Structures are given as C-alpha cells and as structure tokens.
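Taken from TrEMBL as is:
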type	residues	note
TRANSMEM	6-25	transmembrane segment
TRANSMEM	46-64	transmembrane segment
TRANSMEM	70-92	transmembrane segment
TRANSMEM	104-124	transmembrane segment
TRANSMEM	130-151	transmembrane segment
TRANSMEM	163-185	transmembrane segment
TRANSMEM	191-212	transmembrane segment
C-alpha cells in the first residue's frame, strides 16, 4: 500500500512538473504582443515578480526537506524563466513601470527572500525550521494565486479580456489540481492547501474570460451589421412637389451612405432626391401629352 502511494506521489509530481512547465511558458504570447507593440501597455509585472519569489522560496523549502526532488526541478526552471520574463518586461516598460518593478524586485526577491533565509537559519533548527519555511511558502503561494486579482479587477472594470491571457488561466487551474494531489498524497499540507485557492481563482478567471469575450464578440458583430447613423443627415421637406421616399429607397440611401465618407452622405441624399423629383416631372409631362 505504501509503494502504491509512492507511485501516485511520483505520478502527480511528474504531471505537476509538466503542467508547471507550460504555466511558466504560458505568458509567451503576452510577451510576443509586448515585443510587437514595443510597449508593455496595460500589462502588470506583479505576477512575474511574485512567481520568481515563490519559485525561490520553494527551492529553499525543498532543500530543507527530503524526497522533494520534483519541487527542485520545476522551480529551478521557473526561476530561470521568470528572470527572463522580468528582464524582458523591464526592457519594454515605461519609466514609471520600470521603477515600480525594480522596487518590487528589491522588496521581495532581495529583501524578502534574504530575510527569510537569514532568520530561518539563525533562529530555527531542524523540523521547526522546515515548518516555519513551509508556512511562509504556503502564504507566498496564496499570494501568487491572489496576484492575478489585479488583472481580474481590470477585466471587470473595462469589460475587456485583452490583458488576461486565457491560456495562463487554464494552466494555472490544471497546475493547482496536480500539486494539490501531490501534496495530499505526500501529506504535506503546505503544498496542498494553497492549490485549493489556486483552483478556485483559476475557474473564476476562465468564467470571466468567457463572459466578457462573448460580449466583445457581440459588440463586434453589431458594429459590422449596423451602419453608423450618427453622421447621417435626415431632411424632412414639406413641399408637395418634393416626392416622398419609399422604405426601400431609404434603405438604399443608408447602404450607399455607409460605403462613402461622411462628407459625401449629405450630397448623395440630395442627389437621389433631385433625380427622383426629375423622374416624376418627366412622367407627368408624358401623361399630359
């Protein structure tokens, strides 16, 4: 039975490594957009800095424990990737965004991680040290999953999912499931507990994406199907000699008006009115003869 449990721990650990590999690489489409636009625009650096800090903490925690090789492998890769992400972000960020990112790096990566290592090494020993660092990792993992809430807030406010990558939300949800079972089977609740929250936030992000992506599609369809009428001029003429336009003729005017510039729409409507009036006059002269 114990061997069976060990096999499942290894299986979920390997699956967790595979999914986490894609989680760390999932921002690549975002950074490709940044590269094309040569600007970070509305993207935030917080998730990448926090992810770097978290990966460093989990490596430290894994070295203090035993049988956690799979934690070391994936978080080492994570550190490498997040350093590249942060560096790329700093290269294209505005001056204000660069300053904020550097401050965050100094606060978390240099000051925070350095303080945790020093305090845990000098004030705690053995199992107590492992437990304390494990609690810190737990809190940090919760912050990693909470960090995208700033993006969620922006999505709700702007009703746009442009700055919330859907691919990242999917992989974060799958990642949470794999590491939850890994921690549960390993009986390490510092690993299992944060991933419950990660699963909930992952589902929330996907639901928001579906909600606001559909709204964006509907608005796009409406814009394509309905011509803008705000620049059209409608003239009501009371002259009896001036013929009334039929519904079909009005539709034709609107269709033609949508194909030309706004400055030409007024002239087109007058031209059509004059042509129809001349046709009526010619028909009356023919009947009189």
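Using N, Cα and C of the backbone, Cβ positions are placed for all residues, glycine too.
TrEMBL does not curate its annotations; it predicts them automatically.
Using a cut-off of 8 Å between Cβ atoms, the transmembrane segment (191-212) and the transmembrane segment (130-151) share at least three residue pairs, counting only pairs 6 or more apart in sequence. Long-range contacts of the transmembrane segment (104-124) within the same chain: residues 45-46, 49-50, 52-53, 56-57, 60, 86, 132-133, 136, each at least 6 residues beyond the stretch ends and with a Cβ under 8 Å from a Cβ of the stretch. With a threshold of 8 Å between CB atoms, the same-chain residues lying at least 6 positions outside the transmembrane segment (6-25) that come near it are 51, 70-71, 73-74, 77-78, 81-82, 168, 171-172, 174-175, 178-179, 181-182, 185-186.
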